[in-house]
Amino acid sequence: MAMASLARRKAYLLTRNLSNSSSDVLKYSPTMTSFSRGFASGSEENDVVVIGGGPGGYVAAIKAAQLGLKTTCIEKRGALGGTCLNVGCIPSKALLHSSHMYHEAQHSFASHGVKFSSVEIDLPAMMAQKDKAVSNLTRGIEGLFKKNKVSYVKGYGKLISPSEVSVETPDGGNAVVKGKHIIIATGSDVKSLPGITIDEKRIVSSTGALALTEIPKKLVVIGAGYIGLEMGSVWGRLGSQITVVEFAADIVPTMDGEIRKQFQRSLEKQGMKFMLKTKVVGVDSSADGVKLTLEPAAGGDQTILEADVVLVSAGRSPYTGGLGLDKIGVETDKIGRILVNERFSTNVPGVYAIGDVIPGPMLAHKAEEDGVACVEFIAGKTGHVDYDKVPGVVYTHPEVASVGKTEEQVKALGVEYRVGKFPFMANSRAKAIDNAEGLVKILAEKETDKILGVHIMASNAGELIHEAAIALQYDAASEDIARVCHAHPTMSEALKEAAMATYDKPIHI
């Protein structure tokens, strides 16, 4: 049981340490661009040149320098951190936190004995706090570049040969940066929808939704994925009426079905409305607002939905256009993703790709792991990324986090399995802080007890999921988690109890 799982972990580690075979490593890639000059011109030949300064690119550049490789990073934005830090993960989490504080002050403080006559929103101050967080973090990356001796070139990078990148700088100049190994890490961009023009005023992308100057009375979100639900939550807490229009039959289609149903019910209780199996066939924007023409996905009568602002959140596309890939013969698939092998190498020797520009989850932390592994291969070491064990988190309230297989995926594999669940309503810490919505769900192989997937819906699910991620990485059994002493009272005890419910019986329910 637990001892058998320990033996599996030892065998796994031994295999990773001794094997240099490509089967130990997963593949994939990204791409991005640049603007302006920075700490160095990069005119001399580098060991590594990275195009794109987002999570994948800047991490790859720092790791390369740490491994003793002369490295230059090219970034068009004028600020490091990519979409994630500048107009994605970080500013959205700042607004999610600020809006949650306001919502708690309105609806929860009184029950904890904290009372006041009124509470109001200062939207400019909220946005200023968000912008300050972004600014501090981007400057922090510049500091890390200096510390690790990474040359930083601001400008739009474009491949002109397998070892040369032409950079158009903000002042209208041009420079050529040479490198023995070039890594494309240009990330992704907002996916557009036919017939809808994003003006970032009435019809906005996630970028525009992070910078609205007033709270819309009615906000329509097109797309029920991670980003749409997070931004809908922000503005819903601040007072907007939120309607989510989704073509598919479910929200967040990659989520475990049982968790998804509970999650949707939770969002509906918060006032979010869903129009599933619904297609947007037309959008008419004017000074007075936006009118959307909708019809059932399967066809049928059309209806009109009015809004003050429409958020287009239908996914993201790899940013690979304008990089000169066709000029040097880099192969891409039909949706523009760069094709790479298990070492992140493209079909062109010396050219690599990581992150959102290659197949795999479009997640910042996945891109970072790609960057480290890619550079380790370049340096003659062995990198490792397992895309089946990359955690995903929806940062709403409650949060939903998962790693590994969903129950639907396990069933499709034909594997006999057990399910263990534990609700936070039975967790003492969650009850004590009056934050007990959600549950932990564990899927494990019936014969071996090996954990196949873990799904958590809780206020801090994004933090709790990493114990499960470690367990999956080392092929742990549910009994392994169950037999680890967890501090009391903590919400992480719910994971322990769910593990107990998987291989035996829980104590507190």
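Using N, Cα and C of the backbone, Cβ positions are placed for all residues, glycine too.
Copied from TrEMBL, the annotated features are:
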- His488: active site, proton acceptor (ACT_SITE)
- Lys93, Gly157, Thr186, Gly187, Ser188, Asp356, Met362, Leu363, Ala364, His365: FAD binding site (BINDING)
- Gly223, Ala224, Gly225, Tyr226, Ile227, Gly228, Leu229, Glu230, Glu246, Gly315: NAD(+) binding site (BINDING)
- Cys84-Cys89: disulfide bond (DISULFID)
- 47-371: domain 'FAD/NAD(P)-binding' (DOMAIN)
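What TrEMBL annotates, mapped onto the structure for a quick look.
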{"residue": "Cys84", "record": "disulfide bond", "Cβ within 10 Å": "22"}
{"residue": "Cys89", "record": "disulfide bond", "Cβ within 10 Å": "20"}
{"residue": "Lys93", "record": "FAD binding site", "Cβ within 10 Å": "15"}
{"residue": "Gly223", "record": "NAD(+) binding site", "Cβ within 10 Å": "24"}
{"residue": "Ile227", "record": "NAD(+) binding site", "Cβ within 10 Å": "23"}
{"residue": "Leu229", "record": "NAD(+) binding site", "Cβ within 10 Å": "26"}
{"residue": "Glu246", "record": "NAD(+) binding site", "Cβ within 10 Å": "24"}
{"residue": "Met362", "record": "FAD binding site", "Cβ within 10 Å": "19"}
{"residue": "Ala364", "record": "FAD binding site", "Cβ within 10 Å": "22"}
{"residue": "His488", "record": "active site, proton acceptor", "Cβ within 10 Å": "10"}
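Glu246 (NAD(+) binding site) sits 20 Å from Met362 (FAD binding site), counting Cα to Cα. The maximum pairwise C-alpha distance among Lys93, Gly157, Thr186, Gly187, Ser188, Asp356, Met362, Leu363, Ala364, His365, the residues recorded as binding FAD, is 30 Å. In sequence order, Cys84, Cys89 are the recorded positions from Cys84, Cys89, Gly225, Ile227 with a C-alpha within 10 Å of the C-alpha of Ala364 (FAD binding site). Taking the centroid of the Cβ atoms of Gly223, Ala224, Gly225, Tyr226, Ile227, Gly228, Leu229, Glu230, Glu246, Gly315 as the NAD(+) site, the other same-chain residues with Cβ within 8 Å of it are Val221, Val244, Ile251, Val252, Ser313. Proximity to Ile227 (NAD(+) binding site), judged by a C-alpha distance within 10 Å, picks out Cys89 from the recorded positions Cys89, Lys93, Thr186, Ser188, Met362, His488. A gap of 32 Å separates the Cα atoms of Cys89 (disulfide bond) and the residue listed as 'active site, proton acceptor'. The two recorded residues, Gly223 (NAD(+) binding site) and Ser188 (FAD binding site), have Cα atoms 17 Å apart.
Working note on the binding-site residues Thr186, Ser188: by count of other C-beta atoms within 10 Å of each C-beta, Thr186 ranks first.
The Cα atom of Ser188 (FAD binding site) lies nearest to that of Cys84, taking the recorded positions Cys84, Gly225, Leu229, His488 as the candidates. Counting Cβ atoms from all protein chains shown, Gly225 (NAD(+) binding site) has 21 others lying within 10 Å of its own Cβ. Across the fold, the C-alpha of Leu229 (NAD(+) binding site) and the C-alpha of Met362 (FAD binding site) stand 17 Å from each other. Nearest to His488 (active site, proton acceptor) in space, judged by Cα atoms and limited to the binding-site residues Lys93, Thr186, Gly225, is Lys93. Comparing Met362 (FAD binding site) with Cys84 (disulfide bond), their Cα atoms are 11 Å apart once rounded.
Cys84 (disulfide bond) sits 10 Å from Lys93 (FAD binding site), taking the C-alpha atoms as the reference points.
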